[in-house]
Amino acid sequence: MKIIVLMKEVPDTYGERKLDPETGIADRAASDAVLDEINERALEFALAHADRNPDTEVVVLTMAPDSATASLRKGLAMGAHSAVHIADPAIVGADYGVTAEVLSAAITRLGFDLVIAGNQSTDGASGILPAMIAETLDLPQLTNLTEISLDDSIVRGTRATDEGVMTVSAALPAVISVTEALAEARFPSFKGILAAKKKPYEMISLSDLNITIDDLSVPRSILIAVAEKPPRQAGVKVDDQGDAGQLIAEFLISNLLA
Amino acid sequence: MTDFASDSILVLVTVTNDGQLATSAAGLLAAATSVGTPIALVVATPEQAVGAAAEAARLGATTVIVVEDARVSSVLSVPIVDALCLAWDLMNPDAVLIANSIEGRDVAGRVAARRRSSLAADAVGVSRDDEGVLVHHSVYGGSYDILSATSTGSIVVTVRMGAITAHAEPQPLVIERLRHAPSNKSAATIESFTPAPAQSSRPELRGAATVVSGGRGLGSLANFALVEQLADSLGAAIGASRAAVDAGYVQQSCQVGQTGVSVSPQLYIALGISGAIQHRAGMQTAKTIVAINKDADAPIFDIADFGVVGDVFTVVPQLIEALEAKKKQ
Ligand SMILES: Cc1cc2nc3c(=O)[nH]c(=O)nc-3n(C[C@H](O)[C@H](O)[C@H](O)COP(=O)(O)OP(=O)(O)OC[C@H]3O[C@@H](n4cnc5c(N)ncnc54)[C@H](O)[C@@H]3O)c2cc1C
Ligand SMILES: Nc1ncnc2c1ncn2[C@@H]1O[C@H](COP(=O)(O)O)[C@@H](O)[C@H]1O
């Protein structure tokens, strides 16, 4: 079984995140870049499957600037067998359409039985890409899975939706996305970090995928304006002297909130 | 066959398992009405279609396109995507509005990929200028407002649930039935579905005017009842931190924050929540924030309008008592 895990590098949610006021693109210099936590959980699922099924091959795939190498290498250090990194000056600020097209082409080139993504990336909170890739490659998508069972031919999972809980299944190949209900990721071991240095790490560009994205007739998302909002200020802070419950009630009532 | 207005906005209204429209429908139709002629699409089993269409008209749809397809309960997303593309080709809409729900995202992604259109995700509003539809986003926990559009063609927009509270005027029911044209694209099979337990009398977290949230500081599932009591006293929805969800005090759908729900209520009360940056990302746009925490250095106090350094187990019961006393006056 060959599993491709889609990895995205994002601004660390623990830091202050900034957007470039001109382009609206993440200001990479302003905050640390890390692998999105949800992608580490997705990789953990793939690696745990590989632990139980030694004929499993796990490839980590990203579309990101050159600088994302360290993040993708972390995936190798955790245990992925190889990494593919699509980097190209043309894809800076790519919209969903471009991202889906490029990742789909790379996925096809690699060959696969299962593609695993995170349910949503923390810098976009869109959760769009897995379905776009599924449509582009004519695959079933099973998104937002909280539990997964996988064998050689079928993937089945429990899916939390806004209306209830669903059991879904599909024959492989398929695209799935996972939620943070899945197990936290393992830490890379020292041995893993050393081994990662010898693992295949392929950098590819759009021309390797035979893709050009400069056709102006193709609709693209464009940014019209970006405005930073002033940070919120702290208000009153009181130590409870035995009457704090009463004070909050008065505050709420005087502000017509209760 | 109806002629569709040149400023048509196609709105996917979701029909829930029991034949009702999802609560997101009202906001979507109000948003569509503000920028063009709102046309709703209902994809449902034959038994549910007419009732759902009538509801869509009541919420402002000038025309309701109905596609009956029994596969909606057994095949994931693709029947809805097929119907949406059929409706799209009829009217060539300026925009397609879809709820940013778990189901909505998948449909939006597939439709945008199939039609090769632009896609704008997690919108909090739409507007229009001379060039077309503009999409408003609030990103990085409300720190930035962004305006986006499409370079050309129609745009698919997923709209954050609860972000639009406006309602459109009811319209007379005009139904346009379309014969389904299945694409036979590969899709997952829905093997079973268990609806979430019927909503209590509490408001939904998304869009609620008041939210009371509890964190790890509540200490146990049993103690989390304190959050519920305060919520009920205020007629509020219940929220939680990820730590409270992870500890099993409350179900995941209550999680507020980066990887949970984003809320902008009039009042947000945080109980035993430290105010980690990922939690704040989901609530710092609330109008008024009240926090109770034992730790005077908890970061939640940096954004609280009224902060109490104290123990939730003494402060909250007193607060509830004072609120109940006020009600009796
Ligand atoms: C990628 C990513 C996404 C995340 N997404 C989210 C998210 O969506 N939502 C979210 O909430 N978190 C999220 N987190 C987790 C976040 O970093 C914090 O771990 C979490 O918010 C902490 O929850 P908490 O405040 O309940 O717990 P803690 O940080 O443990 O805080 C508990 C607080 O309770 C106080 N307390 C204890 N006892 C009492 C008492 N008796 N009375 C009063 N106060 C008391 C303590 O002083 C403390 O401040 C995410 C993290 C990552 C990495
Ligand atoms: N540039 C990218 N490279 C690789 N995977 C990505 C990229 N963007 C998104 N993904 C994957 O798609 C998931 C959902 O992303 P999104 O649709 O942006 O919320 C992420 O968790 C990743 O698994």
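Just so you know, glycine gets a Cβ as well, placed from its N, Cα and C.
Among the features that TrEMBL reports, domain 'Electron transfer flavoprotein alpha/beta-subunit N-terminal' is placed at B:9-194.
If you look up TrEMBL, you'll see B:Arg216, B:241-242, B:255-259, B:272-279, B:Asn293 marked as FAD binding site. Mapped onto three states, the DSSP output places B:Gln258 (FAD binding site) in coil.
Listed binding-site residues B:Gln258, B:Ile273, B:His279 compared with chain A at a CB cut-off under 8 A give B:Gln258 as the close ones. In this model, the domain 'Electron transfer flavoprotein alpha/beta-subunit N-terminal' (B:9-194) carries an average pLDDT of 95.
The Cβ of B:Gln258 (FAD binding site) has B:Gly141, B:Gln278, B:His279, B:Ala281, B:Gly282 as same-chain neighbours under 8 Å, each 6 or more residues away in sequence. Minimal Cβ crowding within 10 Å, among the binding-site residues B:Arg216, B:His279, is found at B:Arg216. Ranking the binding-site residues B:Gln255, B:Ile273, B:Ala276 by the number of CB atoms within 10 A of their own CB puts B:Ile273 at the top.
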